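Lifted from Swiss-Prot, the feature list:
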| type | residues | note |
| --- | --- | --- |
| SIGNAL | 1-31 | signal peptide |
| DISULFID | 53-73 | disulfide bond |
| CARBOHYD | 87 | N-linked glycosylation site |
| DISULFID | 118-201 | disulfide bond |
| DISULFID | 125-192 | disulfide bond |
| CARBOHYD | 129 | N-linked glycosylation site |
| DISULFID | 130-155 | disulfide bond |
| CARBOHYD | 135 | N-linked glycosylation site |
| CARBOHYD | 138 | N-linked glycosylation site |
| CARBOHYD | 184 | N-linked glycosylation site |
| CARBOHYD | 193 | N-linked glycosylation site |
| DISULFID | 214-243 | disulfide bond |
| DISULFID | 224-235 | disulfide bond |
| CARBOHYD | 258 | N-linked glycosylation site |
| DISULFID | 292-326 | disulfide bond |
| CARBOHYD | 327 | N-linked glycosylation site |
| REGION | 359-369 | region 'CD4-binding loop' |
| DISULFID | 373-432 | disulfide bond |
| DISULFID | 380-405 | disulfide bond |
| CARBOHYD | 381 | N-linked glycosylation site |
| CARBOHYD | 400 | N-linked glycosylation site |
| REGION | 448-458 | region 'V5' |
| REGION | 450-458 | region 'V5' |
| REGION | 499-519 | region 'Fusion peptide' |
| DISULFID | 585-591 | disulfide bond |
| CARBOHYD | 598 | N-linked glycosylation site |
| CARBOHYD | 612 | N-linked glycosylation site |
| REGION | 649-670 | region 'MPER' |
| MOTIF | 699-702 | motif 'YXXL motif' |
């Protein structure tokens, strides 16, 4: 009876259970994400690559060949673009910057290349008979104008002429720094025993010309614009440029000349301030002008030292022989040292006493301030500049500081050991004006300094000179390929391409680096276009540079770098395009895939990824899994191509025109023969079956062409209902003539036979399915009713248990309350009982 009641009320329980099951399935189902490829994302990685140069075509004299070979550089961009990267923080390290090493190697190569065609002075390594030049002292001049005795030597020597077996005597003037005494009157050139001396070609100019280092296509240069950036650590004001500012390759020691200035206060930079072996680079905020001159009016003469070789030396000095010197403002310099001392105190402690002392010794290039002025190499005594403390100031009492300078013509190449250069003398007087924009300092070591820090001028490693200008730059490699999870899955359908919004074109290269991934996705076309346009522009620049120097029939260092940059850019672009092609994403900025996103790569939600993260942060998070994702995309694309190939193999039936291809006629003939053979065999089988059937009925076959009675069904016997009645008229099958007629009859019989058998089979299957369905539905209803019955029983049992528990609890509660009431009444009656007892006692 109860089971019947449950069966009647199962409908609303069924609906409720279905709804609950659906809600559970929706809540438990995790949304599937798929890998999507993006091309042109604003992502970069630190890299080292070959940089090429750009220079202003009007910055040098076309009549002379500057040693920097800037004629081989591409022209500078008249409108350079610098794009500020919002919300981007990047780490810089000026002490581990490959741009510095690359510039250093370039300068070495340029000097070597400029000296290759020049004359080797090996024949000049002979004994020199030298005497001091007359009028080498001038008592009427001031102390700094008086040239020291023996500063210029008049030397005679025997030299081979254009005829090798003929020797003649020649004389020349040499500076004292360029000769070494052998005995009292005999000398030799200073570097003959250690180096190969090469004379600089007559028309080579050492005048520094600004060089812009540029990144090839596919790379970018990041620039730190923090005004107080110390060279290492994070920088929050970052922009991207294609080329650096113009850097003058000034070769100098102690003082940095004609560089860039700090925008606000003086900035001091060092790799490690606590290590006194590390150089301190000081960048000034105001330049100090230094004017240098060689007052001597020199003449230059040529000495033939062999076939096709000439030595250029100083012939004579017209007028008084005076000391070369440099002048700078004492007030400006003292103010500069005071500001530097303040910054050094901030770094090393305000309780420290800052002292500047001259160099402690070493090579002339280190002890003095060495630089090139108008083609001559000056070595100026900087003692007056670096004799300073808070109380003593400078010893010089005049308005200007005058530095006495000496000149050398044989220069030890600061780049390499075993090479020296002879700088030919310059005619006439020499004057040059430079701006002091920085200093190179070293700190004295020792533990017991008594609260004093002593700083001395340093230098010698030209990398520090380049580092003082390149500290704000770093080269990065653009990684335009990015992968991220989305809800979209690749479908093998064809859709029209949509045009990218024009608004993206107004954003600069990498301009969306600080934006979220969702916002940056609309600027993909900018990066994609500039990668290719940069390569094309690089190609045009290269061809222009080669055309400009084609008369030389050789490439300079810069020309080789142009080729390297071009090849590198093409290789990177082709590699990216190859990956896109392998993934089936050619020509697409956003490409969906069939690779499911694995939460082990990143378990962040879509909102966290696309609304809160930049592409740079996202790339750092999945960087370890990038190769795995790439391989999975490639495998997925390979599988898809195999599937498409199998599908296309079936597509040959789509075109009826292919059926008439002459190459398939033999196949058609083969099929026709098989069909005819099958029909003939089928005809034979039917004839045999007909004969067997007739024989079983008692007839004998007379002829295959005889009319045979048609078979009747079981519901139509041969006679009438009464016995002995007349037979019904027999039906006979038609006798046909001709091969095609026989084929038609056989095909018709075969089709009818197949139709009847298939119909019977279908009816049987339908009956079976119907029977199974009924029984299955009955079983399901039975189990459902049974489940509802037991659920109701469990519910009733639970209700009964709850009721019994409630009754037991209620009864127990009543008993407890009754006991408490009795106890309370007993307590209340105690005074009454006491009173009654007292009354009884009194009575």
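Positions of Cβ are set from backbone N, Cα and C atoms, glycine also.
Here the features listed in Swiss-Prot are painted onto the structure.
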residue	record	DSSP class
118	disulfide bond	coil
130	disulfide bond	strand
193	N-linked glycosylation site	coil
214	disulfide bond	strand
235	disulfide bond	strand
243	disulfide bond	strand
326	disulfide bond	strand
400	N-linked glycosylation site	strand
612	N-linked glycosylation site	helix
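According to its DSSP assignment, residue 373 (disulfide bond) is in a strand. Sequence-remote contacts of a segment are chain residues at least 6 beyond its ends whose Cβ falls under 8 Å from one of its Cβ atoms, and for the region 'V5' (450-458) they are 253-255, 279-280, 344, 348, 351-360, 366, 369, 382, 385-386, 439-444. Put simply, residue 214 (disulfide bond) is 21 Å from residue 235 (disulfide bond) when counted between their Cα atoms. Outside the region 'CD4-binding loop' (359-369), and at least 6 residues removed from its termini, the chain residues within Cβ reach (under 8 Å) are 177, 252-255, 378-382, 385-386, 403, 406, 408, 412, 414, 456-460. In the shown protein chains, 5 other C-beta atoms lie within 10 A of the C-beta of residue 184 (N-linked glycosylation site). Over the region 'MPER' (649-670) the predicted model carries a mean pLDDT of 66. Closest by Cα distance to residue 73 (disulfide bond), from the recorded positions 155, 184, 327, 591, 598, is 327. Counting residue by residue with DSSP, the region 'V5' (450-458) contains 0 helix, 6 strand, 3 coil.
For residue 125 (disulfide bond), the recorded positions whose C-alpha atoms fall inside a 10 Å radius of its own C-alpha are 193, out of 87, 193, 201, 405. Only 214, 243, from the recorded positions 214, 243, 400, 598, place their Cα within 10 Å of the Cα belonging to residue 53 (disulfide bond). Minimal Cβ crowding within 10 Å, among the glycosylation sites 193, 381, is found at 193.
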